[in-house]
Amino acid sequence: MRYRLLSALIISAVAVVEAAPAAAATYDYIVVGSGPGGGPLAADLARAGYSTLLIEAGGDEGDNPTYSEIAYFNEAANDEATRWDFWVKHYDDPEEDRKFAHTTWDTGDGTFYVGLDPPEGAKYLGIQYPRAAVLGGCAMHNAAVCSLPAEDDWNIIVNKTGDTSWSASNMRQYLKKIERNQYLPPGDPNRGYDGWLATSVGPTDWARNNSNPATTILKKLAALTGQDETRAADLLGSDILTEIPNLDETSSFYNLAQHADNTGKRNSPNNYVRATLADPAKYPLTLKLHTLVTRVLFDESTVGVEGVEPRAIGVEIMEGQSLYKADPKHRGQTSPKSQILAAREVIVSGGAFNSPQILKLSGIGPKDELAKFNIPLVKHLPGVGENLGDNYEGSLLAMGQTPVQSGLITAVFRTPNAPDARRNIFTWCGAFSFEGFWPGFPTWHGAEQYTCALVHMQPKSQAGSVTLRSADPQDVPDINFRFFQNQGDQDLEELVEGANILREAMNAVPEPVAPFIERHPCEGDRRAEGDCGVEVQKEYFKSQAYSHHATSTCAIGGKDEEMAVLDSKFRVHGVRGLRVVDASAFPVVPGAFPSCPTMMISVKAAEDIIAERKKEEAEAKKL
Ligand SMILES: Cc1cc2nc3c(=O)[nH]c(=O)nc-3n(C[C@H](O)[C@H](O)[C@H](O)COP(=O)(O)OP(=O)(O)OC[C@H]3O[C@@H](n4cnc5c(N)ncnc54)[C@H](O)[C@@H]3O)c2cc1C
Ligand SMILES: *[C@@H]1O[C@H](CO)[C@@H](O)[C@H](O)[C@H]1NC(C)=O
Ligand SMILES: *[C@@H]1O[C@H](CO)[C@@H](O)[C@H](O)[C@H]1NC(C)=O
């Protein structure tokens, strides 16, 4: 397959921006990145009365229907207006990566080649991992699925740091604080109805129709996951954001919740930041778009001094569009660097790839890696860029004899040989295809396509890394997920168990849809011929797994943990005036979907920072 590589729009002469003179600090706080990590935090700091500068590499597409209408999420993730292409590795061994059916190559004639048989002379790029550089970050091109981590995913932070504010029971208040629930009857004391993040759900009534072929799949899946099949349609209406005892051990259907309102409009930090800017109260928030932060600045007199913790005092920036080389519109644009100072703190929220890159470019990271690129060391922190984790994802795709007209089946369930009592697979099934990411994804296989997509919720490896390729801030770092490196066999087995359960459910489908002809993992009749056992399917998931929820590259951890980057208040260990608040902070992958959890920690961080500030102000008054 060939896809358009470059936009038809040729960017004319590169604008050179005059360097602004370094001035005295005009802001208390500088927040770098406006995604789920940075956006809500910047808005909340400003709403508390503190002057805050929010810097975002991309522009604002909040009024562009491709982004504001949730139905177009695939178009949004493909859109050159905001796309940053990271060409990632899944394995150290390039041969392993080249088994991925959607590896991508640059043909040199302005097109991508996607597949296993590239034309002569094509340059290998890797596996596409899209990110959104735009006000609102990846919450502007994602599918907006909103779900919460397992309780242990929060509680592990309490264990590591002793900070009980991270307990699962305490963290729930942050969902309540931001949520504007549009689907429950009003009055649930545990839920929010007037926050800035609309949550809504889709229709499930189709499942009450017993003649609908998908209803048979639903009932079979109920039986296979220990649910009451006679109540399957009711169970499908279960609220995925609710709190019940033993939730993490309960296999259940759910109605997929999204951070969108019930008219289909996407909701994200974009809305909250723009509402904060437009508010008649004139909160002291300044938004600087199309600006790439190239490093954090430190007070030189605090660097390299025995017994003194280096203090962050601002950021260095480049102004202009498409400066980062992950931007498909990048054509060698550059601009002079200038500086902006923060009186109080710099908060880095560039996401799981860019936050560790920014830290390393600023001299915070593994000392050998920094020395290799002549980056002056500010603080040796070997964990920066390590511990990269992500949900393993894969899918069962089959073609029916006729289209399956139905809504979604969403379920979270435990596979029989999972290592503990917790559920491990999140799935959603429907008449769509989802096979990962590549330029131009997804493939339309025809109206008869039916997919059950799987998300492994507790990937055990987290052996990935984000490492510098150079000291050039416009360069894209090297990203290697090292899928399945630790306890991979166990995770692969769990994926196969999940796939086997879902296949059995799918194959219960009646005529006229039946029989389903499977495309993958078990192509055609392989299974009938006894040729698609556990090992064959494990090999399938090993080579074809994909991911798009990267986290944990600047992980919170205890003081004695060598690989910890942040303390429980998001402060970078060993320096002052610097925090990281985004998906990089989670020590373990937070459940099946990180978007809502990241917004929750963003408002938690704002609360922490404001509380510290108020305490200082009270103490200053006493003196
Ligand atoms: C295609 C896709 C679909 C997804 N679907 C879902 C889903 O349905 N549900 C879900 O829960 N999660 C989903 N996710 C994941 C989720 O969106 C992310 O986990 C979440 O957005 C992470 O938030 P963040 O703030 O850590 O980073 P990001 O959202 O990546 O935000 C980082 C921001 O920082 C900016 N930035 C980075 N570097 C710099 C710099 N040097 N200078 C200035 N600005 C900078 C970026 O432009 C970006 O706007 C999806 C992700 C993708 C890619
Ligand atoms: C936290 O520590 C307690 C006590 O050691 C232990 O029982 C529990 O399993 C730990 N929880 C997590 C999530 O690590
Ligand atoms: C129930 O499903 C069948 C099969 O898809 C369809 O023909 C019929 O119209 C549906 N009934 C209702 C009331 O939607």
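Yeah, the Cβs are placed from backbone N, Cα and C, and that goes for glycine too.
What TrEMBL records for this protein:
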{"type": "BINDING", "residues": "V134, N142, A143, A144, V145, V293", "note": "FAD binding site"}
{"type": "DOMAIN", "residues": "351-365", "note": "domain 'Glucose-methanol-choline oxidoreductase N-terminal'"}
{"type": "SIGNAL", "residues": "1-19", "note": "signal peptide"}
Would you find the one among the binding-site residues V134, A143, A144, V145, V293 whose Cβ has the most company, meaning other Cβ atoms within 10 Å?
-> V134
Secondary structure content, the domain 'Glucose-methanol-choline oxidoreductase N-terminal' (351-365) (per DSSP, counts of residues) = 11 helix, 2 strand, 2 coil
Report the same-chain neighbours of N142 (FAD binding site): residues 6+ apart in sequence with Cβ closer than 8 Å to its Cβ, ordered by sequence.
-> F73, A77, A132, S595
In which DSSP state, out of helix, strand and coil, do we find V293 (FAD binding site)?
-> strand
Taking all residues of the domain 'Glucose-methanol-choline oxidoreductase N-terminal' (351-365) together, what is their mean pLDDT?
-> 99
